[in-house]
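Quick look at what TrEMBL annotates:
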- H69: active site, tele-phosphohistidine intermediate (ACT_SITE)
- E143: active site, proton donor/acceptor (ACT_SITE)
- R68, H69, G70, Q71, S72, T73, W74, N75, R119, K154: substrate binding site (BINDING)
Amino acid sequence: MISLAQAPPLLHGRLHHLPTKRRSPFTVRSSSTLQEINKAEERELRPELYASVPFPPIKAAKRVVLVRHGQSTWNEEGRIQGSSNFSVLTKKGEAQAETSRYMLFDDSFDVCFSSPLIRSKRTAEIIWGIREEEIITDSDLREIDLYSFQGLLKHEGKAKFGPAYRQWQVDAANFNIDGHYPVRELWGRARNCWTKILAHESKSVLVVAHNAVNQALVATAIGLGTEYFRVLLQSNCGVSVLDFTPRIEGGSPYICLNRLNQTPSSPVATGSSGGRKTSKRIILICQGSTQDTEPSLSNSGDQPMNMLGVIQAQKNAELLLDLKVSAIVSSPSNACAETATIISRVQEAADCLGADCVPRYVEMKNIQDLDVAEILRQSTKDTIDVSSLRPGWLNGLDDGVMSTLWEQSGRAWSSLLTELSNESEKEKIVVAVGHPSVYVAMMGHCLNLTKEWLGSFHLDAGSVSVVDFPDGPTGRGIIRCINYTAHLGRWSIPITRSTVDDESF
């Protein structure tokens, strides 16, 4: 097993002052990355400073698959792990790693990077299996350093550290312990990791690490700062995929989050989001595949689903079977309306599977702003391959079309939040069905970004994305998963694809 020495933190450059409140607009940043500035002399907790540091150029397309380790003994105990190295995988954790191995079994990885900590290294060994190439361990991939917190049960941390523990829970970006800002340090380490990963001569990379460091890797890749800590979930053995595509003119590559947190278990199962219980949820379902004979922007949107699309819709209905969906909202387009109807029928019949049949009523409605077909037809760049919806394809739209899409998707997102805000229901789940492009834009609105981020996310036909609201619809959305397709089985697009003859994946 090869080990990399820890690299020194990068130095800062141009400064940006970022607000921390959700409703305040964030400073606009390009999809490269943000480098944390470590000012050890600061004693007051204040919004952090960042420097914009582009990624190094790459010669060929590169796909990076991130996996968090399986459940550990300290996960099970509720003990704060940090970068300590005393916990090991539980039997459940070993089984989760095996599931991830099968999920990635046919993928042509060139190299595997791993954290040196036991729980992560063991997960990497299980997933890597019989491949002959050595696993490269890198200390920068270790979990977040939590200093005096490490080893404590959560209630012990609360009792011993009081206000500091509270700040760790509610304002982690400014959390200080033992003279350190752990989240800020973590963002710097993540940036160092990307420099080494992108410099490696490989096209398909597996990285096995931890919850917080994987969050930091995703965030720094698409240009998000430490205020996004605990916003992009990383579950045990959750898989996230990032695509790096070289620019013709050189410089920092195009970067797209192909999927986030594809887990061995169901993404809609009850549980916490970022360690907090949630009772309000939006589930975004992309319409099934359509009958386009010659797919293009000029004919997108009005086609009915083909047989594959119907199967995808049925699989989505099955995924939601055990949930009590409060409302289903849909674009009025044919494929979306068909998908919504299939989900509604299964939901209404869900309580009639036993002897006592009590049909469940599910409210259905159309939201016109979810229909973006007319907007996509306005693009003069009709050579875009919408059939494959390749990662970052929205970058190819005209600027005016992108602006119109962004504005309309913002209105649609506001409508969904209004739908979720009914105070008469303590628990509410809203399912929305639309075209992938409108949901890519919604991810940006959820994260308070701008239209420049439209190329930073990707969704496939039939995929599921889940956003939780622990503080209600007026609070910050926690993204549980993006572009989840494991439930589609053989009808899904693989998590990764061979890169031998496919430069752009």
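Any Cβ shown, glycine's included, is placed from N, Cα and C.
In terms of local Cβ density within 10 Å, H69 ranks first among the recorded positions H69, R119. S72 (substrate binding site) sits 13 Å from E143 (active site, proton donor/acceptor), taking the Cα positions as reference.
All protein chains considered, the CB of G70 (substrate binding site) has 28 other CB atoms within 10 Å. Pairwise Cα distances among R68, H69, G70, Q71, S72, T73, W74, N75, R119, K154, the recorded substrate-binding residues, top out at 21 Å.
Rounded to a whole number, the distance between the Cα atoms of the residue listed as 'active site, proton donor/acceptor' and the residue listed as 'active site, tele-phosphohistidine intermediate' is 11 Å. You'll find the Cα of W74 (substrate binding site) roughly 13 Å from the Cα of E143 (active site, proton donor/acceptor). The local packing around the residue listed as 'active site, proton donor/acceptor', expressed as other Cβ atoms within 10 Å of its Cβ over all shown chains, amounts to 24. Close to R68 (substrate binding site) in the fold, though at least 6 residues off in sequence, lie V208, A209, H210, N211, N214, Q234, S235, N236, C237, G238, each with a CB less than 8 Å from its CB.
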